[in-house]
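Novice: Dropping a structure here in structure tokens format, bear with me for questions.
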Amino acid sequence: MKKFDKDRVILGIAAPVLAVVFAMVLSSLIVLISGKNPFDAFRLMFEYAQGADVQVLILNRATVYYIAAIAVAIGFRMNLFNIGVDGQYRLAAMLAAAAGGAMHLPGPLHILMIIITAIAVGGAWAGVAALLKVRRGVSEVVSTIMLNAIATSLIAYLMHTDILGRQPPGSNNVTTTPLDDTAWFPGIGVDVDGQRMEVYGFIFVAAALGVGFHYMLSRTKFGFDLRAAGASDSAAVASGVNTKRMVLISMLLSGGLAGLIGLPQLLGETHSYGLVDFPAGIGFTGIAIALLGRNSPVGIAFGALLWAFLDRSAPNLDFNGYEKEIATIMQGLIVISVVVAYELVRRYGLRRQQQQVGEQLAQAARKNPEEVAA
Amino acid sequence: MHAIVGENGAGKSTLMKILYGMQKPDEGTIVVDGEKVSFHTPGDAIARGIGMVHQHFMLADNLTVLENTVLGSEKLYGIGDAARKKIKEISDAYGLGIRPDVLVEDLGVADRQRVEILKVLFRGARTLILDEPTAVLVPQEVDALFANLRELKSEGLTVIFISHKLDEVLSVADEITVIRRGTTVTSVKPADVNARRLAELMVGSELPSPQTRESTVTDVPMLTVTGLNLAAFSGEEEGRKVLDDISFTIHKGEILGIAGVEGNGQTELIEALIGTRELDSGTVVLGDDDITAWATRRRREGGVGYIPEDRHRHGLLLEAPLWENRILGHVGERPNSKGPWLDPKAARADTERIVKEYDVRTPGIEVTAASLSGGNQQKLIVGREMSHEPRLLIAAHPTRGVDVGAQAQIWDQIREARHEGLAVLLISADLDELIGLSDTIRVMYRGRLVADADPATVTSEELGSAMTGAARGHLEHTESADDASGEEPDASGEGAEEER
């Protein structure tokens, strides 16, 4: 029995490793074509990541990516493609920032209120897509893409200076009212060459989300139903899963988590939502990382770190005369390789197991020939 | 012209797939023109002059007959006039009446079939396999097809003809091979048999296994179904009643068998009973509970065991390990969970027990369900459903695609559970199984329960005629031929004796 477990672990690791190696080979070719030495490029990236300041930046970005990917993964586990994570987190961060800016509360309560607002907004925005799917059969892919566009416009509208936005003098950025320092989420201070940098304290929240996600999936009835619905809709229905309710709940969960994506930065760094400087597009990165991490909490952690590393080390390539797009190309290649590699490994694994089971049974049958007749 | 006859699932199609190189046999030999051959692909079979006309046509609608014919074998006669000439030649030789430049989408079913035959001949086939060619034709077209086939025969070609329509087989074949449950029963000449004898050979006159037929039927109703109605809600048949005023009662310890050609409402009946399909009207009462408004989960955890007709789609998570499949459908029950939490340890332990008690052949419980054979998958499902002390078991084709050994085991388990007071709704296409297991048989035709029969005396043939709508009411004469007839067969009449 141990043998199958070991096989599964090896196969599980083989796919992403193969994919990353394959993507590196392809990227090397591209660097070669651009007339540079690929090994130097990789060396530069790794060397750059040795610096403590870069490591802090990588960790912080990975935290954000991790939450995004978990939000996407919840949908993926039951075959829901929540492309709307992007709109959900931006709208949630903006409204939570505005609400937080208007509130004046003691520390933990202030933070809690902002978190609840963000979850509620993200969940509500995803809930629109969920209702459309459950009630009208609208594909969540289409509706969430649309809702992303609507969220963008809605944010632009709400950020008018006569509604929720304000323009600090001498700046071309429009932001929400800055949060009181009661709403600042404490970080872990790191001293880098006499300069203080902070790792987002939210990294613990992200880790807790990962653990919670794992337990929900593997240890609760709800998680079992969710996985069953994802693995086989027809079998889940026959087993008594109410798929509509399941779609609704998992979409709300996914959107609620998406609401948290903007908070590490909002609570730990900028303390306001700014039209110009608040990052967009993390929802889509989350999709890539969820794929890379195979929707598993541990896999996603590695995926998020890898992605953040590639992100952060790209500028250093630029300084040294390399095209910084190499990192972006690598990210793209990794995603494609991963999708292909997983499918190949999955099929290989299934077939291999079937053969092994057949062989083992045949052996057992040879040992007790009288049983074969049965 | 050689006909192969057998019931649904007897193995006709598998045999043909082997002959045509689509599937590889585990053992055995094929001899063509005195030469032993082995086919790896349909291409090999075609090279040996074997061609197949599939039950479902494989034609591109938006291409002409000519284009369809040359598609894939452009090398033979090109795609131009040479090919057209060859098509004409074949068409004239066998009287197929082909018009090469008509679009396939403009052709009727019979014409399309002739195009399929032409395609095969065009590729140089000397042996034609026709898989249930008459299933899609109206009687006049059948006659025309047979005229074509006789033409082919007179030109020295061999035709293998698969069917389960006995009259056709008798009228057209030179020799008939009957297969049942994957083995050859016999080969006969049409002159030596009549339709009745052939049917007996086909369904097998003997019953699946000897059984003591002491009745365990009680007079305590377990499932009472009253006035189920359901209309198709989509497709071209929208509004047609797929369940039409279905009422029956199953008592504790009773097995009610439903016979019927597939697609006559059996699937919908099951869906209505496990609650995945909402009824237009009617009530379902289980024991003392009116479960009409219950959701599927509540029904299944409330004592409705379910062996689905398509275990891959409805009964298993193929890529999940066995112990997770043991949880499926019973996630809210011990030993699978406590409160909102799963209990993987207990579920695993109980899976080990099922594997042992139900003789599921597997190296362990961590392997995926997909790696087990069909019979072992089914035994796991049976074990799972029986482990939750069901009050009612819905068993749809419980032994379909299951090897003979597992079949007998599953039957034994169902009988045993019946003995302990389980009520069973058995739906099966295997008439032997129905007659052998059931205490009462009802026949379903076009969404209605049209006939009932006493399994102790009814024959497969009698059931068969009711399944096609030819016979109704009580299928043999007893003193009380009343309509309700959900009643148990009166046990006094038939003893525990001769079933064979």
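Glycine is treated like the rest: Cβ placed from N, Cα and C.
Just lifted these from TrEMBL, have a look:
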type	residues	note
TRANSMEM	A:9-34	transmembrane segment
TRANSMEM	A:54-76	transmembrane segment
TRANSMEM	A:88-105	transmembrane segment
TRANSMEM	A:111-132	transmembrane segment
TRANSMEM	A:141-159	transmembrane segment
TRANSMEM	A:199-217	transmembrane segment
TRANSMEM	A:247-267	transmembrane segment
TRANSMEM	A:326-345	transmembrane segment
Novice: Sequence-remote contacts (6 or more beyond its ends) of the transmembrane segment (A:9-34), Cβ cut-off under 8 Å?
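Specialist: 41-42, 292-294, 299, 302-303, 306, 322-323, 326, 329-330, 333-334, 336-338, 340-342, 344-346, 348-349.
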Novice: Taking the transmembrane segment (A:111-132) as reference, which of A:88-105, A:141-159, A:199-217, A:247-267, A:326-345 has the most Cβ pairs under 8 angstroms?
Specialist: A:247-267
Novice: Quick one: find which recorded stretch in A:54-76, A:88-105, A:141-159, A:247-267 has the most Cβ pairs under 8 Å with the transmembrane segment (A:199-217).
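Specialist: Answer, by Cβ pair count: A:54-76.
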Novice: Near the transmembrane segment (A:141-159), which residues from the same chain, at least 6 beyond its ends, have a CB less than 8 A from one of its CBs?
Specialist: 81-84, 86-88, 90-91, 94-95, 98, 125-126, 128-129, 132-133, 165, 174, 176, 273, 275, 283
